[in-house]
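A quick write-up on the structure given underneath.
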Amino acid sequence: MHNGFDALQLHANRLRGVTIPDLLAAELKRPEQYARQVGPLYFNFARQKYDCVALEALFALARNHNVTGAFQRMFCGEQVNVTEGRAVLHTALRGDLSGTSVAVAAYTAAAKVRERMYALIAGLDASEVTDIVSVGIGGSDLGPRLVVDALRPISQGRFRVHFVSNVDGAAMRRTLDMLDPSRTAGILISKTFGTQETLLNGRILYDWLGGSERLYAVSANPERAVHAFDIVPTQVLPIWDWVGGRYSLWSAVGFPIALAIGSQRFEELLAGAAEFDAYALRVPLEENVAVLHGLTAVWNRNFLGCATYAVMAYDQRLALLPAYLQQLVMESLGKRVKCDGTPVDRDTVPVWWGGVGTDVQHSFFQALHQGTNIVPADFIGTIRNDDLYTENHFALNANLLAQIEVLANGQLSDDPHRVYPGGNPSTLILLDALTPQALGGLIAMYEHSVYVQSVIWGINAFDQFGVELGKHLAVQLLPALKGESVEVVDPVTRAVLVRLRG
């Protein structure tokens, strides 16, 4: 059989007419047997549409693709980013698990940069600066933005951090209009310092601040940062080519995080991720949540034919998590060729999307409950929320449980307009509380789940060539928008340029 895929297709065929309530009735201990606890994180896969026999076939698929060996190669610093010839060592930013010289060197370098970062924070602490504007896009923005927003209520930092990513000048204007330049510092985050959005927004910020005295940078190309904005070299923090943007919040890209929540909280975030790293590397496949989550995604995509995947965050502080995961998953797994350059032989990443509960119940949940598509989902909530509004938290979690149940089980009615077909599989993830440790572990789990999926599909999760062509074309079209004579081949673009130029 084809590396276990054929056997799994037989199981999918066998389970086609089986409902999720049928599975719960057939396996009475399913709610406990399909649950895992990893530190402050609880996972329950009982409402996924597989049984124990199909699940064993999924684990066989993981063994056939040597997922365990793939984890070891990544943690040890082998060049698992084969298309760019690079190691992938974001795990070394938060811990040293493999003991190899490459990983140890990476961990040591990251620790030294954090010391420099904390020294810069101490300097800002002693100044009159109250606000920080962080300029970046993609991986240089989404991760820090998520963490700062999620952990703001328990922040130990004294700085208000404002994020600007879009090249649309309205975003920068809206931010700067509410700040005092004499009490503001800026951080420019760009791996290459060639990103159009960051350079343009950085120039606006430079001019608004009146120079580079309170301007900082994070880059794998520090010389370019110094040259482009005349930033003092000691105010530039390095990152490395073995850290991809969407995996970089653990590095100096997390500078805005540490400023916003405090150095101690940032270390707790790293520790939570490191704890999950140790778990992912050492726990056997059959008990490993990251492996099970990744295999479940493969099952829903390739064997149940689900083309989208939803993330529902039932905690307002995690409102940015769906957007963060959208980038992490779709930029990593949105590939059509394998590592060896041959076409993939099955579908890869579904479209990831989602929102925050209970708002989503009043927007797209109608389509989930009574539409024509089956949409698997992750529901993410918190057990304890130490705020003043406990009654609201009870109501929030009541809605969380109710929606999962109805989406899975459905409900019959004599009125066809009131039938809930059910059949939507979901995974429930609960954080004991939204702490830096728990958030770090949650993000690390998703990183490792993505890697599992990439190994099964034989694709490289760590490049993103698909984003390049559009950026290059935009640079070529920019002079045409300014009225310069530029050859434009595409007839529609040529016609629209006339309209845009007025």
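Just so you know, glycine gets a Cβ as well, placed from its N, Cα and C.
Residues or ranges marked as active site, proton donor in Swiss-Prot (evidence: sequence analysis): GLU331. Secondary structure at GLU331 (active site, proton donor), as computed by DSSP, is helix.
Per Swiss-Prot, active site is recorded for HIS362 (among others). In this structure, HIS362 (active site) is part of a helix by DSSP. Neighbours of HIS362 (active site), defined as other CB atoms within 10 A of its CB across all chains, total 9.
Residues or ranges marked as active site by Swiss-Prot on the basis of sequence analysis: LYS471 (among others). Under DSSP, LYS471 (active site) is assigned to a helix (H, G or I) in the three-state scheme. For LYS471 (active site), the same-chain residues that are 6 or more apart in sequence and have a Cβ closer than 8 Å to its Cβ are GLN196.
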Taking just the CA atoms, what is the gap between GLU331 (active site, proton donor) and HIS362 (active site) in Å? 29
